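If you look up TrEMBL, you'll see P99, H100, G101, R102, G103, L104, G105, S106, S107, A108, A109 marked as ATP binding site. The domain 'GHMP kinase N-terminal' annotation in TrEMBL covers 80-154. The feature domain 'GHMP kinase C-terminal' is assigned by TrEMBL to 230-275.
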Amino acid sequence: MSVPSVPGPTAFPALAVTVPATSANLGPGFDALGLAWDLVDEVRLEVADEFAVSVTGEGAGRVPEGRRHLVIATLLSGLADLGSPVPDGIRLSAVNRIPHGRGLGSSAAAVVTGLMAAWTWARPGRPVDERWLLRRARAAEGHLDNAAPALLGGLTLVVPGEDRVVRLPLDERLMGLAFIPDGAVATRAARGALPPTVPHPDASASVACAALLVHALQHSPQDLLAGTQDWLHQPYRAPLMPASAALLDRLRNAGHAAVISGAGPTVVVLGTPADLSGLDEALGFRMRRLRPAGGARVEFAPAHRG
Ligand SMILES: Nc1ncnc2c1ncn2[C@@H]1O[C@H](COP(=O)(O)OP(=O)(O)O)[C@@H](O)[C@H]1O
Ligand SMILES: N[C@@H](CCOP(=O)(O)O)C(=O)O
């Protein structure tokens, strides 16, 4: 079946999409909890005669160009899924701030960007269908704990077995401090390091910690250290990121609620401004203060000139 071509570029207004970085897992909430941060990718998209990609910042010169660029590939598959005409070309220009392969949800941000644009082009004026977007994001990513906060902002919980998400309140004092290493670890490789089963005591301790973590994030920062213990993924991934694992241990032994962000290798310390003050630089890591942020936004943009 051939896809109908578009009547003309004016059918697809130029779009500006912003999507935040995210920390998935947050310790014991593997594939379930996620938090959006004020570190944002900005992408401008418009229909053109061919596929053209221009990236500044993170991933510049390294991400695939043309149809294989993750935002464009997701946008095209989203349009096709919605039964929309698919353009012959797209011009994408991106200002990327989310580092790639560091556990801060860059790929989920790219997927959410493409899906938000697809929805806006295919269903102009209609509020985004959250279930559709989450279903497509799960198909692309395999898990929803990054895409959910990237879409909705704040703290989110993925409902098990469903393409549904609950947005949770967050203590207003909560902040993060990221230690971002120079080297990347692909999420796919980090998922490959996980065992098929875990001991029952580890699973039951994780349930208690995940529940305590939600309580701590909502009302009780003093419980963050106890609530961020993890037995499900961080220990198994430590050999892939020894410097991050060592930093994690050092910070936790000093009483800080440090976790591996997503699949790593970034380490994020959660806490109030007072909890995070006085934390020192770590060799081989750059530090970035993070504040919780809102979710994805899409706006009409002026057409490209020249
Ligand atoms: N903004 C982007 N534009 C194009 N490709 C991207 C973008 N962000 C991520 N990617 C792709 O996703 C890969 C990183 O994904 P992943 O291993 O899941 O790590 P992360 O923890 O950063 O999401 C990059 O190497 C790149 O191929
Ligand atoms: N739950 C996932 C989260 C991956 O997050 P990312 O930011 O590293 O892509 C996992 O732990 O595999």
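Quick reminder: no glycine exception, Cβ is built from N, Cα and C everywhere.
Projection of TrEMBL feature records onto the structure.
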| residue | record | CB count, 10 Å |
| --- | --- | --- |
| P99 | ATP binding site | 22 |
| G101 | ATP binding site | 21 |
| G103 | ATP binding site | 32 |
| G105 | ATP binding site | 33 |
| S107 | ATP binding site | 21 |
| A109 | ATP binding site | 31 |
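Taken in sequence order, the binding-site residues P99, G101, G103, G105 that lie near ligand 2, meaning a CB under 6 Å from one of its atoms, are G103, G105. Summed and averaged per residue, pLDDT over the domain 'GHMP kinase N-terminal' (80-154) gives 97.
Compute the center of the Cβ atoms of P99, H100, G101, R102, G103, L104, G105, S106, S107, A108, A109, which mark the site for ATP; besides them, the chain residues with Cβ within 8 Å of that center are A21, I98, N146, T187, G262.
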